[in-house]
Amino acid sequence: MTTENIRTYDVVVIGAGPVGENVADRTTAAGLSTVILESELVGGECSYWACEPSKALLRPALLRADAVHVPGLDPAVKNPLDVEAVLAHRNRMSADWKDDGQVEWLKSAGIELLRGHGRLTGEREVAVETPDGDTVRLRARHAVAVCTGSRAALPPLPGIEDLRPWTSREAASAQQAPERLVIVGAGVVGVEMATAWQALGSRVTLLARADGLLPRLEPFAGELVTERLREAGADVRFGVSVVGAERVGDGEVRVTLSDGGEITADEILFATGRAPRSEDIGLDAVGLTPGDWLATDDSLTVTAVAGNWLYAVGDVNRRAQFTHQGKYQARVAGAVIAARAKGDQLDTGRWAPHSSTADLEAVPGVVFTDPEVASVGLTVSEAERTGRAVEVVDYEIGHLAGALQYRPDYRGRARILIDRDRQVVVGATFVGPGVGELLYSATVAITAEVSVERLWHAVPAFPTISEVWLRLLETRRDS
Ligand SMILES: Cc1cc2nc3c(=O)[nH]c(=O)nc-3n(C[C@H](O)[C@H](O)[C@H](O)COP(=O)(O)OP(=O)(O)OC[C@H]3O[C@@H](n4cnc5c(N)ncnc54)[C@H](O)[C@@H]3O)c2cc1C
């Protein structure tokens, strides 16, 4: 690299998704000159093809599912959703796939944007291929943060290139509802998109390889979601995978299943996991393998590269693939980069500002289905796998006055896990309409390490679903 055409900044951030934006915000606020690179739209997957559009599709579906069960309100919502209006709302919530607003925000925060595809070319060096074919060379005085995110992973199915399947991107941005939609995969994306498109008029078939939905969560979560999806008319099948799929004559998809069955549909969505966007970012130039997830320590520093200058933040490090968790990591990484730039010692204790420990102990996540699933911390199977001695307390949320006020046919369950030695909550799962908003209370209980005895003095209001906390404590006392 010759010096004359190299631009130097304190920090170079590759990828302007929610995570890259937040790293850049923190380093800029700390007085470090920062450039952020983006090859598509500023705002990343979350704004245009993931969180925002998917939740805009789901909100009307979930609200209607609640409303049809509320006496007096049911006649007002007996008609199906207005699909055109929902899709138009979704388009607005995705900013019509334009990033002007987010570009303005970068400007207002003092962050320099460079459009183009970034690749590492050596220690603290990045080359950017700009949309007009130029190459801009960058050098970072202190840090390069890789925030390139993840993309949908497709299974190695023969002929998949010609199949033109939906991935999460098409499922979140489609401009009309397919008449028949096959969804492969029973994780969060699969069940959320099944819920949305079934409510928008598609006939959904959801195929799960395992014997339940949402296999990483408490089993009762998948069971309750399965019940409601089936009641809504979706065909949910377990223990089955796709062994072949092709587009036939008139554009239909013919799907062959492992149990010998066949399904014909208009679209097929593979919601079969994520892959890192790291195959073409120059990892080989710094001794790493293209296409790998980037492993980091709790300071978000890439462990396999010496010198504490390379960071991987957000989906690409695979620690906890949520926007909120990536933004938390971004706050940590920003603080670490600024501290190292100033020569300060890192404070790396538990829950310290330079340590991304929430990734390991308290990751909150909501699945926006009917019923909602909200979880944070350990599940029973994780506690067993990691040898943690826990007490498990369950409560049927539908017994609460607040739940019956919310929706008279309320079905739901709560579970907390209490660490036997420390007597603090280490895991919580709530399943039921409206439980997403309960999750922060559980996250605070876990991260603040509130003793179970002390929780008796956190009085939940009557009649709300948050009374589930009191019932869980009473159930434990009486058992
Ligand atoms: C359907 C779906 C729904 C979801 N819903 C939720 C939800 O409700 N809540 C939640 O918390 N999470 C949700 N997620 C997860 C969430 O979208 C991700 O965790 C989040 O987007 C990760 O942010 P990121 O910045 O790490 O990556 P991304 O959002 O993927 O952003 C990475 C950015 O880097 C850019 N980039 C990549 N390579 C380069 C390069 N070489 N040069 C320049 N730019 C580059 C990309 O163009 C992109 O803009 C959902 C995911 C999916 C698929």
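Each residue, glycine too, has its Cβ placed from N, Cα and C.
Residues or ranges marked as domain 'FAD/NAD(P)-binding' in TrEMBL: 9-328. Per-residue confidence over the domain 'FAD/NAD(P)-binding' (9-328) averages out at a pLDDT of 97.
For Cys51 (disulfide bond), the same-chain residues lying six or more positions away in sequence with a CB closer than 8 A to its CB are Thr323. Taken from TrEMBL, the feature disulfide bond covers Cys46-Cys51.
Around Asp315 (FAD binding site), a 10 Å sphere centred on its CB holds 32 further CB atoms from the protein chains shown. Marked as FAD binding site by TrEMBL: Lys55, Gly118, Thr148, Gly149, Ser150, Asp315.
Secondary structure at Gly185 (NAD(+) binding site), taken from DSSP and collapsed to helix, strand or coil, is coil. All protein chains considered, the CB of Gly185 (NAD(+) binding site) has 25 other CB atoms within 10 Å. Annotated NAD(+) binding site per TrEMBL: Gly185, Ala186, Gly187, Val188, Val189, Gly190, Val191, Glu192, Gly273, in sequence order.
Summarised by DSSP class, the composition of the domain 'Pyridine nucleotide-disulphide oxidoreductase dimerisation' (363-469) is 37 helix, 31 strand, 39 coil. According to TrEMBL, the domain 'Pyridine nucleotide-disulphide oxidoreductase dimerisation' annotation covers 363-469.
Listed in sequence order, the residues Ile183, Met193, Leu214, Ala271 complete the 8 Å Cβ shell around the NAD(+) site centroid, once Gly185, Ala186, Gly187, Val188, Val189, Gly190, Val191, Glu192, Gly273 themselves are left out.
In this entry, NAD(+) is bound by Gly185, Ala186, Gly187, Val188, Val189, Gly190, Val191, Glu192, Gly273, whose most widely separated C-alpha atoms sit 14 angstrom apart. Residue with the densest Cβ environment among the recorded positions Cys46, Val189, Val191: Val191, by other Cβ atoms within 10 Å. Straight-line distance linking the Cα atoms of Val189 (NAD(+) binding site) and Thr148 (FAD binding site), rounded to a whole number, equals 20 Å. With respect to ligand 1, the binding-site residues Gly185, Gly187, Val189, Val191, Gly273 contribute Val189 as residues with a C-beta closer than 6 angstroms to one of its atoms, given in sequence order. Gly273 (NAD(+) binding site) sits 25 Å from Gly118 (FAD binding site), taking the CA atoms of both as reference points. Comparing the binding-site residues Thr148, Ser150 by how many other C-beta atoms lie within 10 angstroms of each C-beta, the top residue is Thr148.
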